[in-house]
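In Swiss-Prot this protein carries:
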{"type": "BINDING", "residues": "Asp124, Asp126, Asp128, Lys130, Glu135", "note": "Ca(2+) 1 binding site"}
{"type": "BINDING", "residues": "Asp165, Asp167, Asp169, Glu176", "note": "Ca(2+) 2 binding site"}
{"type": "DOMAIN", "residues": "26-61", "note": "domain 'EF-hand 1'"}
{"type": "DOMAIN", "residues": "71-106", "note": "domain 'EF-hand 2'"}
{"type": "DOMAIN", "residues": "111-146", "note": "domain 'EF-hand 3'"}
{"type": "DOMAIN", "residues": "152-187", "note": "domain 'EF-hand 4'"}
{"type": "LIPID", "residues": "Gly2", "note": "N-myristoyl glycine"}
{"type": "MOTIF", "residues": "137-148", "note": "motif 'Nuclear export signal'"}
Amino acid sequence: MGSRSSHIALIPDVEHIRRETGFSQASLLRLYHRFQALDRDEKGFLSRLDLQQIGALAVNPLGDRIIDSFFPNGSQRLYFAGFARVLAYFRPIDEEDATLRDPKQPEPLNSRMNKLRFAFQLYDLDRDGKISRNEMLQVLRLMVGVQVTDEQLESITDRTVQEADEDGDGAVSFLEFTKSLEKMNIEQKMSIRILK
């Protein structure tokens, strides 16, 4: 790895990325090394194929959807800033930072609301602001695989949408999604401890 260095100053726009993501310099340096390791051809960016080589994503039923979140608007190249930005959603919430946060500043990427927005977009494939019954069925099918019959899966889907759908339109809006997850500790469930 001769040309690859471990100095923080080599990361393009490091200060901007640090402010946007909330990552410490040490965490950014670790992420940058991971980014470089995934960039086997030293192109300076990652492709979908590079991310598909990550074992945890390869076996995750939502792996393809998670990978899609790294490539917004049909982009084909993922630079380090985008890589760090998506991973920032999974950064644990630091209670001290939350209490000291300037309300005039944008909400941190790892806030409860932003974690929920990230999760919502994994379901809302057509980006219409609602999770349709069909979208919910697709996600549940990915998650349970062949462990349940199609009939059971249809029933689970109908019940899930029905319980969350407060306005009776047959779909789950973002507001309904957040209300349905009020009691869930999303801050913990959507955090990766190594991402501080």
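Every residue gets a Cβ built from N, Cα and C, even glycine.
Feature map: annotations from Swiss-Prot on the structure.
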residue: Asp124; record: Ca(2+) 1 binding site; contacts (Cβ under 8 Å, 6+ apart): Lys130, Ile131, Glu135
residue: Asp126; record: Ca(2+) 1 binding site; contacts (Cβ under 8 Å, 6+ apart): Ser132, Glu135
residue: Asp128; record: Ca(2+) 1 binding site; contacts (Cβ under 8 Å, 6+ apart): none
residue: Asp165; record: Ca(2+) 2 binding site; contacts (Cβ under 8 Å, 6+ apart): Ala171, Val172, Glu176
residue: Asp167; record: Ca(2+) 2 binding site; contacts (Cβ under 8 Å, 6+ apart): Ser173, Glu176
residue: Asp169; record: Ca(2+) 2 binding site; contacts (Cβ under 8 Å, 6+ apart): Lys130
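Residues 11-13, 16-17, 20-23, 28, 31-32, 35, 44-48, 50-51, 112, 114-115, 118, 187-188, 190-193, 195-196 of the same chain sit 6 or more residues outside the domain 'EF-hand 2' (71-106) yet have a Cβ under 8 Å from a Cβ within it.
Neighbours of the Ca(2+) 1 site: apart from Asp124, Asp126, Asp128, Lys130, Glu135, residues of the same chain with C-beta atoms within 8 angstroms of the site's C-beta centroid are Tyr123, Leu125, Arg127, Gly129, Ile131, Ser132, Ala171. In the three-state DSSP reading, Asp169 (Ca(2+) 2 binding site) counts as coil. A Cβ distance under 8 Å defines the sequence-distant neighbours of the domain 'EF-hand 4' (152-187), meaning residues of its chain 6+ beyond its ends; these are 92-93, 112-113, 115-117, 119-120, 123, 129-133, 136-137, 140-141, 144. Its own atom aside, the Cβ of Lys130 (Ca(2+) 1 binding site) has 19 Cβ atoms within 10 angstroms in the protein chains shown. Cβ atoms within 8 Å of the centroid of the Cβ atoms of Asp165, Asp167, Asp169, Glu176 (the Ca(2+) 2 site) belong to the same-chain residues Lys130, Ala164, Glu166, Gly168, Gly170, Ala171, Val172, Ser173, site residues excluded. Look at Glu135 (Ca(2+) 1 binding site): DSSP puts it in a helix. Mapped onto three states, the DSSP output places Asp124 (Ca(2+) 1 binding site) in coil. Each residue in the domain 'EF-hand 1' (26-61) gets a DSSP state, and the totals come to 23 helix, 1 strand, 12 coil.
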